Amino acid sequence: MKSNTPTEDSTKWMLESVEIDSMGESSSKEPEINLNKNEGGLKKNASRNLGVGSIIRTLSVSNWRKSGNLGSPSTRKSGNLGPPTNAVPKKTGPQRVERTTSSAARGLQSLRFLDRTVTGRERDAWRSIENRFNQFSVDGKLPKEKFGVCIGMGDTMEFAAEVYEALGRRRQIETENGIDKEQLKLFWEDMIKKDLDCRLQIFFDMCDKNGDGKLTEEEVKEVIVLSASANRLGNLKKNAAAYASLIMEELDPDHKGYIEMWQLEILLTGMVTNADTEKMKKSQTLTRAMIPERYRTPMSKYVSVTAELMHENWKKLWVLALWAIINVYLFMWKYEEFMRNPLYNITGRCVCAAKGAAETLKLNMALILVPVCRKTLTILRSTFLNRVVPFDDNINFHKVIAYMIAFQALLHTALHIFCNYPRLSSCSYDVFLTYAGAALGNTQPSYLGLMLTSVSITGVLMIFFMGFSFTLAMHYFRRNIVKLPKPFNVLAGFNAFWYAHHLLVLAYILLIIHGYYLIIEKPWYQKTTWMYLAVPMLFYASERLFSRLLQEHSHRVNVIKAIVYSGNVLALYVTKPPGFKYKSGMYMFVKCPDLSKFEWHPFSITSAPGDDYLSVHIRALGDWTTELRSRFAKTCEPTQAAAKPKPNSLMRMETRAAGVNPHIEESQVLFPKIFIKGPYGAPAQNYQKFDILLLVGLGIGATPFISILKDMLNHLKPGIPRSGQKYEGSVGGESIGGDSVSGGGGKKFPQRAYFFWVTREQASFDWFKGVMDDIAEYDKTHVIEMHNYLTSMYEAGDARSALIAMVQKLQHAKNGVDIVSESRIRTHFARPNWRKVFSELSSKHEACRIGVFYCGSPTLVRPLKELCQEFSLESSTRFTFHKENF
């Protein structure tokens, strides 16, 4: 900010603080910054078009005082900090920044050289460092390349090496041949000092390698490259020169060719505010104040927690209770029936328990097919039954029944082999003839004879097929966590699970044979196995076979566009079959006959229901997905934009058929054939019944929620036509015609949606960059808040990410573009503080129903569920948790 008066020309301004949203920033928000000049009350609202250089100079030089240890070489020697003395009127000698207590606290939190976990445990950490020193030192000297490993910065060796050099220059220690333990202790003490100036001095010494107190553009670039490498930000590293130029442009308005240390310090101390901590404490206090009296004693809280669990899971409870009651009833009915059977006098209770287990086994072998009739369940989700039946837990119920089947089958088999058969074959002939002769004939069988009957053989084979299929369906096998040696490695992974499950067809055939050819002869109408299985098997077979034949004919789709992203992700845009109606959050199955004629794989639909195309984003994790990505990569060519990349752009390969080639059918010879079937219901499709949405996606787990965001965004865009009319939408950033969903009809939508996307790769943000930019542009009322988190980066305040945070702030303020995601949505470092997120939502949306939808790694399921329960109990807001299951 410049002025025509001499007094104002000589005034330097300092950024006291920049308010940062504790959960994340939406680029559509304009931060409000208070500017105080001298003792005047000048206040201005900083918008995106406010120059960053003018923001830097927001406080007058009257806030400087003596002492310190930063600045020019002369000020360093004298132990003082400040700008050149000629920049401060009416002052003599070097000066230092006047920091308020809150400002110092913010700066202290905003510059750490070690992980936050070390704070408060410095003594324990030093003992570990001593042990590592003894391990890695050579002749009592620790070499530079082992310094990072020794102090706990082993994953950022280059950055640790620069810290090593800076600490050596600071202590005037010759470090070329390594350092001893005493010198290492001095380095360690400097790094953990609570003195803000000491930490800043180390950081500045890293930047200012020649020690002249001035940073040139080349030195700034080197530190940006170093920080980008430490945080695994390849694209930022490529553009380091541009970002160094940006810093020089904003901090060196007079084009001196350098910036001074005090200018960099001003910007660094303004990056983080303590408002987050205050806000969290305030929200927690308010939340605790809202706790009803009945929750405040241990017993009352236990009762309340139990009641809350029952309220949250009442659908599951009544279904499981009904299922358990039926199982117990059938077991006891058959048990009592055989207590009156003559065989009871020979085998005792063994035959009763075996027959009871067999009866419940028939029931469960029939029921286990119901949860996997996906098409039927999808239809039922839209009926009144969805209010009382937990369709979202179909896979979990399927697993529970499977465990029960395994138990009942083993119990039934063990009782026959180890109890019934030995007693029947070893009892006296007279006893056998008296009690078993009428059922088994006059010839007493041997144990081997009983084992070689058709009943025993089919039973053992059935156990083998079921055991094999169940084992490969376990989490460790299905997710390929178990690493088997060759050639047994083919038994782990999704393909093994999928094909092994088809062996259960043989198990069902054997079950029917096993239940019909009994050792104890009965009339056909008393053989009930086929009665249990007939309807479920016919129903399941018709859904799998007949509907598949029809769907493959009508659901052969044409590829509109395929995009191969870095990060092993393939985005497919295909034609939408006539009559293919779905809701946001649903998924569909995809098959590529060129790869496998029998494999179908589920993927969330990422297009909105109103689009006239279908899209899925597929991450290459297994053999099938990897080969599919490879096939499409061969047909993809770099686009013109990718051939000449713009600054901050991510490289991608794509190919298009629609819009470029009007003969789309002819162009399909380039691509592998694609078939789809669906759509199928998923928990996220019920998002509309909640007041507020909290959508949490980890990595590729964001896909179910992209369709929801697109659908909501379509209702926010101005001038959206009614259903049936065309509008120009976007597909992966490219313009393509589509149908919009109707904005009328009284369709209920949530009031707000908070989307938290947590990923560990910078390239992931390119998958949905177009959606993020559309939200920033069209969501003027802030209905959708996006919070992107990159876990590969060190959290805000770490020295390894401090300069990146500064560049990010400058770039976003100047151009409205985030340097990490390269979209208009701001990216946060490390992981979200979920307790803070829930605390703020509960205080912000009192007495609202918040739907928490999660898709990603199982590690986060339990913490999110516990937070939902905790804050539902302790506030008037009710959180309902849903997890995506395929």
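Glycine too: its Cβ is placed from the backbone N, Cα and C atoms.
If you look up Swiss-Prot, you'll see 1-46 (among others) marked as region 'Disordered'.
Swiss-Prot lists 1-316 (among others) with the feature topological domain 'Cytoplasmic', giving sequence analysis as the kind of evidence.
Sequence annotations record features per position, and here Swiss-Prot assigns region 'Disordered' to 64-103 (among others).
Per Swiss-Prot, region 'EF-hand-like 1' is recorded for 137-145. Mapped onto DSSP helix, strand and coil, the region 'EF-hand-like 1' (137-145) counts 2 helix, 3 strand, 4 coil.
Annotation comment: Swiss-Prot describes 171-183 as region 'EF-hand-like 2'. For the region 'EF-hand-like 2' (171-183), the mean pLDDT of the prediction comes to 84.
Secondary structure at ASN210 (Ca(2+) binding site), as computed by DSSP, is coil. The Ca(2+) binding site annotation in Swiss-Prot covers ASP208, ASN210, ASP212, LYS214, GLU219.
Taken from Swiss-Prot, the feature domain 'EF-hand 2' covers 239-274.
Same-chain neighbours of the transmembrane segment (317-337): 310, 352-353, 355-360, 363-364, 367, 388-390, 397, 400-401, 404, counting only residues six or more beyond its ends whose CB sits under 8 Å from a CB of the stretch. Swiss-Prot lists 317-337 (among others) with the feature transmembrane segment.
The topological domain 'Extracellular' feature in Swiss-Prot is assigned to 338-404 (among others); the stated evidence is sequence analysis.
Per Swiss-Prot, domain 'Ferric oxidoreductase' is recorded for 355-512.
For 405-421 (among others), the entry in Swiss-Prot reads transmembrane segment.
The annotation topological domain 'Cytoplasmic' is assigned in Swiss-Prot to 422-456 (among others). Residue counts for the topological domain 'Cytoplasmic' (422-456) under DSSP, split into helix (H, G, I), strand (E, B) and coil, are 24 helix, 0 strand, 11 coil.
Among the features that Swiss-Prot reports, transmembrane segment is placed at 457-477 (among others).
Residues or ranges marked as topological domain 'Extracellular' in Swiss-Prot: 478-499 (among others). Panel annotation: around the topological domain 'Extracellular' (478-499), residues 472, 599, 601, 622-624 of the same chain, lying at least six beyond its termini, place a Cβ under 8 Å from a Cβ of the stretch.
The annotation transmembrane segment is assigned in Swiss-Prot to 500-520 (among others).
According to Swiss-Prot, the feature topological domain 'Cytoplasmic' maps to 521-528 (among others), an assignment based on sequence analysis.
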Show which residues of the chain containing GLU219 (Ca(2+) binding site), separated from it by at least 6 in sequence, have their CB under 8 Å from its CB.
CYS207, ASP208, LYS209
So for LYS214 (Ca(2+) binding site), how many other CB atoms are inside 10 Å of its CB?
17
Using DSSP reduced to three states, classify GLU219 (Ca(2+) binding site) as helix, strand or coil.
helix
So if I exclude everything within five residues of the ends of the transmembrane segment (689-709), which remaining residues of that chain have a CB under 8 angstroms from its CBs? That is, six or more out.
569, 584-587, 603-609, 616-617, 619, 682, 748, 750-761, 764, 767-768, 771, 775, 784, 837, 841, 845, 848-857, 860, 864, 879-880, 884
Restricting to the same chain and to residues at least six past its boundaries, which positions have a Cβ under 8 Å from a Cβ of the region 'EF-hand-like 1' (137-145)?
157, 161, 164-165, 175, 177-181, 184
At a 10 Å cut-off from the C-beta of ASP208 (Ca(2+) binding site), count the other C-beta atoms across all protein chains.
23
With every protein chain in view, what's the tally of Cβ atoms within 10 Å of the Cβ of ASP212 (Ca(2+) binding site), excluding that atom itself?
12
Cβ-Cβ under 8 Å from ASN210 (Ca(2+) binding site), same chain, 6 or more residues apart: which ones?
none
